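What follows is one structure encoded as structure tokens, with my remarks underneath.
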Amino acid sequence: MLSRLATRSLASSRPLARSFATPQQSWSRGMKILAIFYSGGEAAKQEPRLLGTTENQLGIRDWLESQGHEYIVSESKEGPNSDLAKHIVDAEVVITTPFHPGYLTRDLLNTAKNLKLCLTAGVGSDHVDLIAASEKNIDVLEVTGSNVTSVAEHVVMNILLLVRNFVPAHEMIERGDWQVSDIARAAFDLEGKTVGTIGAGRIGYRVLERLTPFDTKEHLYYDFASLPAEAEKKVRARRVADLKDMVSQCDVVTVNAPLHEGTRGLVNADLLKHFKKGAYLVNTARGAICDRDAVAAALKSGHLSGYAGDVWNVQPAPKDHPWRTMKNPLGGGNGMTPHYSGTTLDAQARYAAGTKAILENYFKGKAQKPEDTIVKDGKIFSKAYGAK
Ligand code: NAI
């Protein structure tokens, strides 16, 4: 794994600039910054805009090293011999992404002697044990908003591909077959259907905005907080206070809430019983919000006609994960992909720039944006993660 480990410190490559040497200024210290990204292989060598990879390193290596910081980048994140476990011990900042999550568990955080900041390059910091981080006074920040449009577009695509039975239609063409009735028997229009979102924040609301021109029947949402009346009106949305009540009215349910203790396993066998028979479920939020086996069973029985999304309870998903191959009784209904909806090249440019801005604030001791702040001063700060 060491061959994949890209580590160069200024100490070994460039002299420390004198202007950064004032010891009392926090930004003047050279600090150890550890980043866990996936290896992008040939694609990342050919495409420098694949910034969230071990090869392209968010494009911040030169900037960090010019300030005297040591930047360790690796994809190795699992187990006691991983680079994550080895380097977290004395790193001050750890950068992770939700796409190849370095799981910052309580046990791992307990080994971290200098850690002050866990920074998610993207949106969704559930791979960090937020309670443990707050107890240890480690701040957790993410680049809020950086990929919400990317995900909202993906959700709309997933809804359409399920409702219109797109995937089996394309597979039929690749096989060399042509039997329109086998596809059309399970293909519908989105027009006139009821769509509900669990979570109507940045992504959930953008999904409803994008669905409005499809002349859907109604939009429902289930969230801690009401949207402003004007915002509800704009997307024809109605809040439903009870989740079972909401899902029982929906042809399509989409999950757009963070993963925390209040949402883990929220869509389980019991809730699925309340879904309309033949409904579609789209989850690009986090895999663990939906119960793996209950979803696979509901699709297999036809209680759900389709399930699509890009997030998995463990990432990378094991080869035998049931969501890779599960199908409805007609042999379709699966729109799963690897986790990429929020990591389009456009999104990568935004979360790389946002990560740099957060680091810059940190080095200079400047206040961070409240909307980027998940854990601060020993407390969960973000309302989306349950702060009061
Ligand atoms: P946001 O914070 O703007 O909105 C989340 C909404 O969920 C808030 O309105 C909050 O009140 C609501 N919520 C929280 N707990 C809830 C519960 N128990 N029941 C109902 N609603 C609840 O967050 P944003 O930007 O919309 O992102 C949502 C999630 O989407 C992220 O936390 C992340 O897990 C996921 N995501 C996935 C990406 C991907 O690439 N697949 C990329 C970006 C985000």
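Using the three backbone atoms N, Cα and C, a Cβ is placed for every residue, glycine included.
Remember, TrEMBL labels are computer predictions, not curated facts.
NAD(+) binds Arg202, Ile203, Asp223, Pro258, Leu259, His260, Glu261, Gly262, Thr284, His339, Tyr340, Ser341, Gly342 as TrEMBL records it, and from the list Asp177, Asp182, Asp310 the residue named for this site is Asp310. Taking a Cβ distance under 6 Å to any atom of ligand 1 as the criterion, the recorded positions Glu261, Arg286, Ser341 reduce to Arg286, Ser341. Taking Cβ-Cβ distances under 8 Å and a sequence separation of 6 or more, the neighbours of Leu259 (NAD(+) binding site) in its chain are Gly124, Asp126, Ala285, Arg286, Ala288, Ile289.
Of all the binding-site residues given, namely Asp223, Glu261, the one with the smallest number of surrounding CB atoms inside 10 A is Glu261.
In this structure, the binding-site residues Val123, Arg202, His339, Ser341 were compared by how many other Cβ atoms lie within 10 Å of their Cβ, and the smallest count belongs to Arg202. Asp223 (NAD(+) binding site) sits 21 Å from Asn147 (substrate binding site), counting Cα to Cα. Cα spacing between Glu261 (NAD(+) binding site) and Val123 (substrate binding site): 17 Å, rounded to the nearest whole number. The separation of Val123 (substrate binding site) from Ser341 (NAD(+) binding site), Cα to Cα, is 11 Å.
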